[in-house]
Amino acid sequence: MSAPKSTASKDAPSSTAAAPAKPRRFMADVWVTVAAFVLAFIVSAIVMVAADPEINKEWSYLFSRPDALTDSWAQISSAYAALFQGAFGSWQAFTATTAQSAPLICGGLAIGLGFKAGLFNIGGQGQAIAGATLAAWVGFNFHSLPLPIHLLFAVIAGFVGGAIWGGIAGVLKARAGANEVIVTIMLNYVASGLLAWLLTTKAFQMPGRTDPIAPIVDWNATFPRMVGSQLHLGFFLALLLAVGTWWLLDRTVLGFQIRAVGSNPNASATAGMNTNSIIAWTMVISGGLAGMAGVEVALGPISGATPTQLSIGLVGTIGFDAITVALLGRSKPLGIVLAGLFWGAMNQGGLRMQAMTQTSLDLVRVIQAVIVMFVAAPMLVKTILPFLKTRKEKHTNKRDRGPVPADTTKGALA
């Protein structure tokens with residue numbers, strides 16, 4: 001009786017062919033993202049030229065004095081050169097970019113983690129405010145604590161504050177079925193109003209002041225900064241959190257469960273996973289990471305070499321910008337780090353661009369918005385640049401168009 005023939009030889013080619021599929025898909029995504037950036041800068045350049053009245057006049061007599069193209073290029077190149085120099089043109093500029101990027105990276109990790117579980121945590125702003133509030137409170141109290149202990153307690157307090165704020169939405173989602181988008185939006189307003197009220201109380205308001213501002217954070221609770229630059233420990237903490245998030249998602253059971261629930265919650269529940277618990281814990285961790293964005297702002301030293309003071313507008317729009325960073329980074333820790341650096345570079349470089357070329361800082365917002373539009377709609381980029389489509393997508397497009405209708409004119413003429 002002959003042994004059954006092995007199918008290994010038949011399966012080997014298919015498995016070998018499938019192996020490079022993931023790297024090819026990754027590179028395709030990279031090229032689409034790069035193309036989105038290029039298209040965004042082209043669109044922004046057109047807006048820049050259209051917004052300049054002097055260049056508009058030159059375009060009106062293009063054929064009699066064809067210097068409009070030269071002046072347009074000079075305007076575009078000088079603006080983008082100033083943007084780059086302001087972000088990366090010197091060590092001081094680069095370190096200022098890292099200071100801008102650190103809270104964006106933390107916030108982006110928070111939103112990206114929620115995306116992995118199929119949750120839209122739009123409450124990063126409120127969670128960052130909660131984290132900044134508790135971190136600053138610990139920072140301007142407990143004056144007798146030494147540097148490592150005081151700073152560590154302040155950081156932990158900020159993480160816990162954000163985790164509690166995110167956990168509220170997580171528990172309501174898991175136990176009551178509440179929509180996390182609506183709940184987190186409302187919690188943003190609650191956090192903002194609560195901070196405004198706290199800054200009028202004795203526990204938070206600076207003695208001798210009538211305006212809503214807190215005491216200065218102790219140096220012992222401020223991130224140590226490299227002399228002569230704005231690079232501080234908080235940036236390296238943000239990178240460490242990115243590594244930790246990657247490890248959580250790719251190397252732990254909880255990370256596998258988070259991704260499974262995000263892919264198919266019904267199948268995860270059928271497999272025996274406690275989806276409600278996973279959702280709640282995801283929001284707790286996501287809120288803690290968003291709280292760390294507030295910690296970066298509250299404990300990061302200002303460029304004037306002075307500690308920070310908690311105020312109503314201290315957090316700014318970091319929680320909302322973090323959503324964009326997570327989208328740009330495609331919810332992957334490495335991508336979020338790069339997206340956070342880019343977003344911080346745009347914010348920092350835009351200041352120099354405005355000062356050197358009198359180009360409105362609003363143009364930077366236009367560039368950022370157009371980039372997000374293109375990155376969020378990869379098929380739009382591929383439609384504009386068809387060579388970026390994969391063979392599978394081209395084949396799918398042909399199939400969707402259906403069969404070519406038969407030519408009936410010959411029969412009619414006959």
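Each Cβ is built from the backbone N, Cα and C atoms, and glycine gets one as well.
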| remark: Range annotated transmembrane segment in TrEMBL (choices 68-87, 308-327) is 308-327
| Between the transmembrane segment (363-388) and the transmembrane segment (181-199), are there three or more C-beta pairs closer than 8 Å, counting only pairs 6 or more apart along the chain? | no
| Proximity of the transmembrane segment (278-302) to the transmembrane segment (147-169), 3+ C-beta pairs under 8 angstroms | yes
| message | Pairs 6 or more apart in sequence, C-beta under 8 angstroms, 3 or more of them: is that satisfied by the transmembrane segment (308-327) and the transmembrane segment (231-249)? | response | no
| Stretch of maximal Cβ-Cβ contact with the transmembrane segment (231-249) [cut-off: under 8 Å; candidates 30-51, 147-169, 181-199, 334-351] | 334-351
| note | Near the transmembrane segment (181-199) in space but 6 or more residues beyond its ends, with Cβ under 8 Å, are 120-123, 125-127, 129-130, 133, 165-166, 168-169, 172-173, 205, 212-214, 310-312, 319
| Cβ-Cβ under 8 Å with the transmembrane segment (30-51): same-chain residues at least 6 beyond its ends | 72, 75-76, 79-80, 328, 330, 359-360, 363, 366-367, 370-371, 373-375, 378, 381-382, 384-385, 388
